């Protein structure tokens, strides 16, 4: 046997020597049969040529025409054309080239160069000069044994080889956006591919495409060392990609050829940050503003001091009345009273009178009032049976008429919603990697994750999930993955293997046998075992391959028929080192049904079962993976779960507020009366009033069909409680601090107390309610619904306080008057209630210590300077606040979704897909229309897909990573005769009909279209409409990779007439990790789409309303951040407007009070936004709701104080500010600040990050800033710039005092006359000295008694005068002060 083999090799050497390397000679000719060295099932038959050293043949007739068709570059004319290939060889070469041409057909010069080389190797008449046969074998074919060439060397000049490679390296595959070269360079992919590696792949028979082994030797032009004698490397001219072909083929397009691209001006640099003097410009402006405000304030102080010094003597001058008594008060003349003062007095008198009568009426019939109020609340609340809670984030944050929402609706209506994603990202951080020395690919780093046992474990988990079954009530049968899965290649009746499951085991078609497969393979004389690792290396770099280059011969395509791109299978790699990946990715894709579709619930149920299996696997101690996971339903599930879990926190918060109110409202004069004077039931009643107002509001809007949301359930009760508690405190404290007057009933006392404070309560409640009603003009559904619910709730709260709560306080006062205990109402105490005002602790403290300290001259200056600094700092900070809401913040702490987001941002190498969608109105069937879309040869340089590709060259600016696929390009390539995809039956019953590529060529000899002249193929309108449905229904396979089924069948929508009414082109974003990047990506995509729309409208026949828009599933969430700043300014501005208008109107057109009130509220809002920047609170829709709430709460802190100051009659602004701070400030502090703070602090223990950030942090900031501005800044501001005293009130007080003095003097005159008469009678009678002394003592005693009686009489007359005047509570108090003096 050994002798025979030696003889064979000896004879082979002799034969090889006979293959003379000289012009005109062949090294092989004709076909000898199948290559015995090629195992497995190759993609094309490996037919090898016969070893035949002989002269080149002269070609004529059919033989010549075939050569001219397949290898036109070798045509020398029919009489002068010689070649070394037979007719059969030309036919086999044609079939072989067809597969490559189908991928490269977009670039005619590339196709020409590719065919050029193989034509030279196969047919060159000077074959022996550039080709050296290295191996022959005996091959038996049809009973005849002949020597066949199974390997040879091909010598190429580096000039030709590099030029040919350069012409092909940038050719794209429109369906994937990737490079065609990546499928033709083996393990190296497009990035690492070189000319040598490209040719090595073409010459590797193990790839299933090459029939024999070809060793390409690329020789530098000047390098002849080691070159065999008489060998001349082929140095033909390779076309550049921007050249036309000899047959008139057009230059390649810019997308496929960098040299064809027009010269593009450099992109303008983004504008630099605003700066002044090399420093942040806004910071400099803030400093300048700070200096200007401080200087203006100091200038005001200086001017004020100068004016005060010039008027010093006048201020100290004491005038005298007609009795020569000194007076320190200024006498107001009626002519000095302005119209504004009279209006203010009239408004206050009217409202005080109205509310006093109303309060007396409500207090007189408490049970009836409570019953009627309860009936009204119940009538409203019945609507709760129809309440709808909106939990869909799209419905919450995206307006139905917003651009993103309309685009989503258009996309979903025409293409169906984006499929539902259920995903695992798996890692094995503790596993050690290894280096694998591959026979084909050399040494490769394998991470510990990429190991056989983990791949098998992943496959087992995948198959367990794939086999999920459950009973479905909607289907009334057992449901499984096939009922809901996304099956792109068989959507109508999918089997389990048709469902789109992307994972690394798909490279092995989910077959354990394929994973375990191994085979010995010889490469370059070295024999080694190849296994799953070699196959995986190849597939990760060439995912579109139907057969790897190893002797395993396995496909890289998934079992459902589509490729699994590397970035969908592995993650966490660098520089395309896929085998060193740190994460495996497993993705199940489901169809996304509309919510009304029964299968929507089936999909939800499948995802629920998916989560159960994954969570069970995670708890398995034997699991080798550390992983994160999510289902499409996870976001909504987690938000709902955390809301339910945090409800107890809100309940505790409300309970804390209730306990505080109940304790703080009580009167504590004696421990013996503590159970009588407590206000537990009153506090409970106040809470119930708040709850009833919220229920009534929710019930009313449920009646009329406006849905609620979890945000409303959490925020509105808190807001109404803050507003309602303040009013309750002001009312109750006013009642407690005012003693019931002689002859005044309990009901009149309550009515008088209500008349004094109700105008202030009306001012705040009306301002807030109008503020929220105007806030309903917002375009954001969540903000709009919140504003409507809050507005009505605040209004209802005020109404119930004016009715039910007044009645409740009347009942409680009746109990208290009878000395009955609050809870044990049958028990009484003997200790009587003291008949004196109950000021508590806070009022005396603020009157005696806080107000004098705050309004000290030095303190006031310091306060103004500090708050001016805070304002300027906040202006700078608010310009740097981050806009957005990262989706992980919506998750509770400890949620599995937080781990998923962490893994997603860390390991994913590509972002979300983005579709460029075209609407009706563009004619795709015209040549001009196709050229405006496509990016292949003959297309416009600035077509739609070209512009998208240009954008991907600047990913840091465009946020686009992968160019858009293009069904137009692939459709044109599919029609090209060179692709052999579109053919027609030539006989039989289907004669003339479309013939798929998998049908034998014997039945389908005619192409759908003739070979185009010039290489630019464009179908006519008739051909376009005829063949497009066949293209969209053609399943891609090895023989026709351009089939549109799966990739494009859902990307083109036509109406009944065949007109294309919608289509889409898919690209990919760069990885986007936060809301700022998502928003920027949306903005850039819209800018690009707008540019494309403008250019396509210039195409003749295009409708004026035609549009291209970008669609990403996340657009509806992030579009709001493009407009949320002006939206927020608009909403807050609308809220501020009524606070100014209502304040001015209710204070009698007091513009100065309104402006100071408005200024303080604006400062609170601006300071709040500034603190948001410091405390990492992003500005978004949730923050906007809280800022609108801040306006309402700020009204409570500010408006009461402003009104009290405006109506005070103290002589100086400082004294009036002290009075307002002590009297109203104490009530505001107890009612607003101390009501909010305990409840807010409890929210710090909530699990939801949204609640912690936007309810705890932000509401704490709002409350503290409101308290600081309302109780510190505002009194100081009013002491400097507040309105002057109302002269109408002073005049009325003077008139009341004069009447009081006149009545007192008249009484004295009458009494003196009586004394004199009695004294005269006494002196007429003779008395002893002792009698005289006793008489004198008696007279003196009667005088003192009469004087006391006079005082009581004066008080009585004063009381009567006050009852007659009934102007304002301030007037009453002023006159009372006059009596005391």
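Even glycines carry a Cβ here, placed using N, Cα and C.
Annotated compositional bias 'Polar residues' per TrEMBL: 1323-1336, in sequence order.
Annotated domain 'SSD' per TrEMBL: 646-811, in sequence order.
The annotation region 'Disordered' is assigned in TrEMBL to 1317-1347.
According to TrEMBL, the feature signal peptide maps to 1-19.
The transmembrane segment annotation in TrEMBL covers 282-307 (among others).
The annotation transmembrane segment is assigned in TrEMBL to 361-384 (among others).
Per TrEMBL, transmembrane segment is recorded for 647-668 (among others). Within its own chain, the transmembrane segment (647-668) has Cβ neighbours under 8 Å at 674, 677-680, 682-684, 686-687, 714, 717-718, 721, 725, 728-729, 732-733, 736, 838, 840, 1230, 1234-1236, 1238-1240, 1242-1243, 1245-1247, 1251, counting only residues six or more beyond its boundaries.
Sequence annotations record features per position, and here TrEMBL assigns transmembrane segment to 680-704 (among others).
The feature transmembrane segment is assigned by TrEMBL to 710-733 (among others).
Taken from TrEMBL, the feature transmembrane segment covers 754-780 (among others). Proximity of distant same-chain residues to the transmembrane segment (754-780), defined by a Cβ-Cβ separation under 8 Å and at least 6 residues beyond the stretch ends, is recorded for 348, 351-359, 397, 399, 401-402, 723, 726-727, 730-731, 734, 738, 786-788, 790-792, 794-795, 797-798, 801-802, 806, 1120, 1123, 1127, 1130-1131, 1134-1139, 1142-1143, 1146-1147, 1181, 1184, 1188, 1191-1192, 1195-1196, 1199-1200, 1203-1204, 1224, 1369.
Under the heading transmembrane segment, TrEMBL lists 786-811 (among others).
What TrEMBL records for 853-879 (among others) is transmembrane segment.
Long-range neighbours of the transmembrane segment (1128-1148) within the same chain, counting only residues 6 or more positions beyond its ends whose Cβ lies under 8 Å from a Cβ of the stretch, are 340-348, 351, 759, 762-763, 766-767, 770-772, 774-775, 777-778, 783, 787, 1154-1155, 1157-1158, 1161-1162, 1165, 1179, 1184, 1187-1188, 1191-1192, 1195, 1199, 1202-1203, 1206-1207. Among the features that TrEMBL reports, transmembrane segment is placed at 1128-1148 (among others).
Summarising the annotation, TrEMBL assigns transmembrane segment to 1181-1199 (among others).
Residues or ranges marked as transmembrane segment in TrEMBL: 1220-1246 (among others).
Annotation source TrEMBL lists transmembrane segment at 1258-1281 (among others).
Under 8 Å from some Cβ of the transmembrane segment (361-384) lie the Cβ atoms of residues 692, 695-703, 746-747, 750-751, 796, 800, 802-804, 806-811, 813, all in the same chain and six or more residues away from its ends. Taking Cβ pairs closer than 8 Å, the transmembrane segment (710-733) reaches residues 389, 391, 396, 639-640, 643, 650, 653-654, 657, 661, 664-665, 679, 682, 686-687, 689-691, 693-694, 697-698, 753-754, 757-758, 760-761, 764-765, 768, 782, 785-786, 789-790, 793-794, 797-798, 801, 805, 809, 840, 843, 1182, 1185-1186, 1189, 1192-1193, 1196, 1200, 1224, 1226-1228, 1230-1232, 1235-1236, 1239, 1251, 1255, 1259 in its own chain, all 6 or more past its ends. Panel annotation: around the transmembrane segment (786-811), residues 355, 358-359, 362-367, 369-370, 372-374, 377, 380, 681-682, 685-686, 689-690, 692-694, 696-698, 700-701, 706, 708-709, 711-712, 715-716, 719-720, 723-724, 727-728, 731-732, 735, 746-747, 750, 754, 758, 761-762, 765-766, 768-776, 778, 1131, 1185, 1188-1189, 1192 of the same chain, lying at least six beyond its termini, place a Cβ under 8 Å from a Cβ of the stretch.
Taking every recorded stretch in 680-704, 853-879, 1181-1199, 1258-1281 and counting its Cβ pairs under 8 Å to the transmembrane segment (1220-1246), the highest total belongs to 1258-1281. The transmembrane segment (282-307) shares the most Cβ pairs under 8 Å with 853-879, out of the stretches 680-704, 853-879, 1258-1281. Non-local neighbours of the transmembrane segment (680-704) in the same chain are 373-374, 376-377, 380-388, 654, 657-658, 661-663, 665-666, 712, 716-717, 720-721, 724-725, 728, 732, 785, 788-790, 792-794, 796-797, 799-801, 804-805, 808-809, 812, 822-823; each lies 6+ residues outside the stretch with a CB under 8 Å from one of its CB atoms. Using a Cβ-Cβ cut-off under 8 Å and counting only residues 6 or more beyond its ends in the same chain, the transmembrane segment (1181-1199) has close neighbours at 397, 711, 715, 719, 722-723, 726, 760, 763-764, 767-768, 771-772, 775, 780, 782-783, 786-787, 790, 794, 885, 1120, 1124, 1127-1128, 1131-1132, 1135-1136, 1139, 1143, 1157, 1160-1161, 1164-1165, 1168-1169, 1172, 1228, 1231-1233, 1236, 1250, 1254-1255, 1258-1259, 1262-1263, 1266-1267, 1269-1271, 1274.
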